[in-house]
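Taken verbatim from Swiss-Prot:
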type     : residues : note
ACT_SITE : Arg88    : active site
ACT_SITE : Glu91    : active site
ACT_SITE : Ser114   : active site
Amino acid sequence: MNRLEVTEKIISTKVTKGIKWEAVAKKVGLSKEWVTAACLGQMTLNAEQAKIVGKMFGLTVEEQKWLQVAPYKGSLPTLVPTDPLIYRWYEIVNVYGSTIKELIHEEFGDGIMSAIDFSMDIVRQPDPKGDRVNVVLSGKFLPYKQY
């Protein structure tokens, strides 16, 4: 048993039972974005959260324990993602990454945007030309220190 197997079981059960991430998030009491990341193996659940997720997805006690282990975050199976939607994000960073970096540095100074003190919100934005995906990323600015 390992974390990847637990993630695969969660995805399989989600499909067969028609479970929505929003429903899981409501039961856990956190955002759909964070809970989805946790269920996909990218975040760590506490014991209570793992028990709730375990009940929804029919996980054993051992499988629930795996949800409480700190994962290897950002561990995609290939260097360049092949899934079209994930690849678009890769492409966005390749095209706009230097622009984002320049504008953040111009506004805040030399530093980084945290992915630890971080939140995101994904919503559908109706548009007569075709609905749009509205993604808001919010990370704390962390300046580099001098020493």
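The backbone N, Cα and C atoms fix where each Cβ goes, and this holds for glycine too.
Predicted, not measured: the structure shown is a model, and the values here were computed from it.
In this chain, no residue six or more apart from Glu91 (active site) has a CB-CB distance below 8 Å.
All protein chains considered, the CB of Ser114 (active site) has 12 other CB atoms within 10 Å. Here the Cα atom of Arg88 (active site) is found 21 Å from that of Ser114 (active site). There are 12 other Cβ atoms within 10 Å of the Cβ belonging to Arg88 (active site). A helical conformation is recorded for Arg88 (active site) in the three-state DSSP classification. Mapped onto three states, the DSSP output places Ser114 (active site) in strand.
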